[in-house]
Amino acid sequence: MTNIEVKTRVKQYQIKIMINSLHHLGTLVTKVWCARQVAVVTDTNVGPYYAKLVTDELTAAGFKVRVMTVPAGEESKSWSQVQSLIDQLSAAHFSRSDGVLALGGGVVGDLAGFVASIYMRGIALIQVPTSLLAQVDSSVGGKTAIDLPTGKNLVGSFYQPDLVVIDPAILVTLPPRMLAEGYGEIVKCAALVGGDFWQSLHQITSVAAILPAAPDLIAASVAFKARVVMADEHEQGQRQLLNFGHTIGHAVELLADGQLMHGEAVAIGLVQVCRLFAAHGLAPTSLTSTLKARLMAVGLPTELPPIAPQAVAAVMQHDKKVHGTALTWVYLSAVGQPHLYPIAVTDLATWMGDLWSVS
């Protein structure tokens, strides 16, 4: 088992990475929570696989469990689902001494975490991510959010959990496309870190190679993200580097109208931001092909879909990374050498036009 300690200004907790940890969840939870009501929030994809196991584990450990299921998919990151979950918590008389356990991928983690952060001004939270994407990204760092029609993650909070439990064994139930999606976030982390982490990706030459390497790749990604979060919990400085690939990625994902998974859109964003900054003389052109090779090895998309650059620029104006009159971008001058770069909102259409012209 790998234990990664996270110490922020308001909370100290552990991220436990262990094969078959779901079968020991009751024991793990009793180390941070006393007996209480627990709302296990899951979705229609994950629930049939793991809700009973988690319920049995928690019940045997002395917890009173209520399973609350939301529809699978990004559409559940909505005000209507927030209202539904809060109504269920209230009807079941959940108090501030009770807790929420998020059992699912990034959507469930974001949604359940946000609900936990606002119900009664905050109740206890545990994250149990079940997708590779959530295990390496959204379950770590305390970001919670729902979407608005104008953009992703525009309403949310910073809310740290009491515990994160990551079980790489459950990844065997994921289809290849979801494994590849999560790997896109691993490539992002490795590109930011460089060194041995980046070199380790050369062994991943297909989707099939992800599973055997998953425990080590997850641990490296989580350790990196935990270090960044501890240094900058509320994204005022270096935590912004974790948005590498997400500026273009979020816009493309929204405009693709459900045709792209989050990690797929980020993969496109990683390659295209390298291409964009190379066109402006701030990054070597070789970096684009380097990242592209790592992503294409598992079948991730890297090319821009058929959407207008003006539409992408319009979406970016609502990006949460806009500060004043500028949108903060992340680019690499080399693997392991990230930088922040503000672009005026009024210049976004021109920059996107430049990107489309060199694509």
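Even glycines carry a Cβ here, placed using N, Cα and C.
Small disclaimer: the values here were computed from a predicted structure and weren't measured.
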If Swiss-Prot gives Glu185, His246 as binding Zn(2+), which of His234, His262 does it give for that site as well?
His262
Within 10 Å of the Cβ of His262 (Zn(2+) binding site), how many other Cβ atoms can be counted across all chains shown?
25
Check the DSSP secondary structure of Lys152 (NAD(+) binding site), expressed as helix, strand or coil.
strand
Asp110 (NAD(+) binding site) -> DSSP, reduced to three states, gives helix
Can you give me the Cα-Cα distance between Lys152 (NAD(+) binding site) and His262 (Zn(2+) binding site) in Å, rounded to a whole number?
10
Looking at the binding-site residues listed here (Glu185, His246, His262), whose Cα lies nearest to that of Val108 (NAD(+) binding site)?
His262
